[in-house]
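Right, one structure below, let's go through it.
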Amino acid sequence: MKILIVDDDPFAGEMASVILESDGHDCTLVESGLAALELLGDDSDGFEVIISDMNMPLLSGLELFRELRDQGIATPFVLLTGDDPAPLHQQEPRLEACLMKDASLEHRLPSLVEHL
Amino acid sequence: MSNPSSKPIQESAAKPPESFQARKAKLRQLFLSQLPGRLADARRVVADWRGLEPDRTELEALRVLFHTLKGSGATFGFQPIADRAQDAEHAVRQVLEDEETTTAGTLRNTLTGILDDLEHLQRTAEGQAAPDPPPAFELAPREPHPERGSDRSQRLIYLCDDDPALAAQLAGQLGCFGYRVQAFTTLTELAEAVTQETPAALILDIVFPEDSNGGPKMLSELTGRGEEDLPCIFISCRDDFQGRLQAVRAGGSAYCTKPIKTVEMLEFLDRLTNPNPPEPINVLVVDDDQELAQFHATVLEEAGMVAKAVSDPEQVLELLDHFDADLVLMDMYMPECSGPELSQILRQIPGHVSLPIIYVSSETNVERQHQAMAAGADGFLTKPIEPAQLVAEVNLRAERMRILHSLMVRDGLTGLFNHNAIMQFLEIAVANARRADAMLCFAMIDVDHFKAVNDTYGHPTGDQVLMALSRTLRLRLREDDMVGRYGGEEFAVVLNGVTLAQAKDIIDDLRNSFAAVTFYADGQEFRCTFSSGVSDFPTFATPDAMTEAADRALYQAKHSGRNRVEIALADPSASAEDDTFSAHRQATDAATTDADQRSHDGE
């Protein structure tokens with residue numbers, strides 16, 4: 001699957017892409033919400049899933065998600081956060097999933113993407 | 001940061017070079033190794049507060065730092081680190097949300113305590129996380145170039161040094177230039193490998209833990225076993241006479257002192273392993289006796305050199321424009337213009353200051369010989385001269401001058417022309433283009449997000465990127481294009497006889513091949529891109545104008561998203577634009593640095 005990963009922390013972003021690539025997915029990593037918007041603006045890119053960090057400067061993961069939906073881009077969107085994911089998901093139920101950043105990401109992320 | 005194609009670190013898709021576990025382990029290791037730096041940053045901010053109230057920007061930066069630490073710490077399974085980072089984040093957030101209750105002093109004490117804990121946790125984790133130091137050669141980049149046209153690529157080099165870090169680094173760098181390098185840390189392993197397959201050359205350390213003269217002894221042993229023609233370069237911290245003497249006695253072909261200069265090492269390796277003869281030496285023979293000039297030229301030609309004979313000193317300058325002479329052989333007494341006079345003329349032309357000049361004369365008075373040389377010559381040969389002696393003298397001097405010259409005008413890391421040399425070439429090229437009414441282009445090239453590469457993978461890896469780019473430029477450009485390192489991660493190319501459109505195509509091609517190069521560092525793959533600005537003559541009529549225009553176009557390329565080539569357009573209001581441009585450039589610089597900084601320091 002063609003996956004876009006958005007994270008301004010290169011370690012976390014790299015780790016997510018390592019996890020997903022080991023499952024055979026094709027990952028592209030960008031370091032800001034703006035970069036993601038620009039990339040998704042070209043229809044040619046055809047990403048099937050977007051996985052984004054919540055806490056980023058300028059444009060948070062949630063703002064990115066809303067901006068995309070406003071633009072009519074309905075690509076499934078998974079939000080990663082260092083904080084408790086439950087309130088965030090409540091705040092934005094349209095999110096496909098909201099996951100806590102921790103060691104179990106290694107298992108949960110691939111199975112989540114599998115079921116999208 | 002706004003264009004996805006510009007990102008410096010690109011995971012290559014779909015084809016993981018190593019197992020997931022291995023890649024994860026490397027990432028974890030990298031995270032841990034960069035953690036002390038981040039903690040030190042936080043400590044510096046906190047220490048600076050003293051009695052002062054911290055400002056919100058600083059607090060916000062700290063909050064982001066701890067938040068990021070929490071996220072990646074948790075992702076990599078360092079739960080205690082993540083927990084403590086979360087405590088710190090909460091403490092900072094509390095102050096941010098309610099400034100009244102907590103003082104700077106309290107916060108400082110809390111954070112200092114947490115930073116102590118984090119540092120301790122980092123050390124503990126590092127002890128546990130590094131059970132298997134990777135073998136030295138696994139760190140070496142594997143054939144970073146897709147094209148295999150290189151004549152070096154098949155040349156196998158064995159490198160033996162008991163310091164695995166040094167061995168890996170050197171192997172990596174030489175690998176960038178197309179050598180196939182295998183690194184060993186013990187002499188036993190090396191001897192074993194030589195039995196299996198004979199390399200094109202050896203690089204051997206002198207001092208080994210078991211024997212301060214281990215390297216030379218090993219070479220003697222190998223030679224004794226019948227590996228007579230094995231060229232060997234010794235590397236050593238020792239720069240004393242005894243060390244060098246032992247190396248020479250053991251049959252070493254070259255000697256490099258540590259720290260190793262890669263370009264110097266490459267010069268040796270190229271020479272030792274190159275089966276093709278080097279470029280023939282070019283000699284210009286000036287003698288008013290036309291027959292003698294022709295005779296000397298013929299003698300030199302028969303020895304494999306390229307020689308041109310000229311009997312009229314007036315023709316020398318024009319000839320040198322087209323004939324790239326390594327050396328001038330000059331009669332001392334010529335009726336129209338004496339040898340010393342001609343030498344002085346040549347020495348007053350910047351391009352010919354270092355051109356070796358040797359007088360040929362029947363003058364035997366040593367004092368007069370010296371006087372003549374004072375005008376700027378490098379040697380003296382007495383007529384009549386035996387053909388064999390002429391060849392030997394010319395060979396000797398030209399070879400040495402070539403080496404000296406290349407060390408003088410070349411950049412130490414990349415082997416490209418250095419800043420001064422490339423600017424001088426541009427000056428000459430502009431003058432030639434003006435005289436011949438020819439086309440000429442000048443391109444400035446800058447590696448995108450180079451700082452991020454250095455920050456993420458370390459300077460040795462950054463250096464490898466620069467070397468790989470220089471190699472791409474050198475291999476792919478035409479013979480008469482000049483490539484130089486303008487400074488830092490900036491390169492300059494002088495393209496003779498091409499239109500602006502052709503120049504853009506050429507640089508665009510280079511850009512695409514460079515972007516396709518995969519680099520390996522610490523087991524991770526990444527890619528780099530570059531941006532470029534191109535200007536042309538005569539739209540920009542002076543070297544300065546061309547440089548400035550290309551620089552301006554380069555910034556435009558950077559600004560429009562990087563990984564692209566922009567051409568400099570003639571600007572009727574150029575002078576009015578200048579101020580806006582420099583102001584704009586400063587602003588862009590600041591913005592870029594901030595963005596790069598932020599994305600690597602945390603969320």
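Cβ atoms here come from the backbone N, Cα and C positions, even for glycine.
What TrEMBL records for B:20-128 is domain 'HPt'. DSSP assignment over the domain 'HPt' (B:20-128) gives 92 helix, 0 strand, 17 coil.
Just so you know, the Cβ of B:H67 (phosphohistidine) picks up 24 other Cβ atoms within 10 Å once every protein chain is counted. Per TrEMBL, the feature phosphohistidine maps to B:H67.
What TrEMBL lists as region 'Disordered' is B:125-152 (among others).
What TrEMBL lists as compositional bias 'Basic and acidic residues' is B:140-152.
Annotation source TrEMBL lists 4-aspartylphosphate at B:D205 (among others). The C-beta environment of B:D205 (4-aspartylphosphate), restricted to residues of the same chain at least 6 apart in sequence and closer than 8 Å, consists of B:C160, B:D161, B:D162, B:D163, B:G214, B:G215, B:F234, B:I235, B:S236.
With a 10 A radius on its CB, B:D331 (4-aspartylphosphate) counts 23 other CB atoms from all the protein chains. B:D331 (4-aspartylphosphate) falls within a strand segment according to DSSP. As annotated by TrEMBL, 4-aspartylphosphate applies to B:D331 (among others).
Taken residue by residue, the domain 'GGDEF' (B:438-570) breaks down under DSSP into 60 helix, 38 strand, 35 coil. Feature annotation from TrEMBL assigns domain 'GGDEF' to B:438-570.
The region 'Disordered' annotation in TrEMBL covers B:569-603 (among others).
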Whole-number Å value for how far B:D331 (4-aspartylphosphate) lies from B:H67 (phosphohistidine) (Cα to Cα): 78
Modified residues satisfying Cβ distance under 8 Å to any chain A Cβ, from B:H67, B:D205, B:D331: B:H67
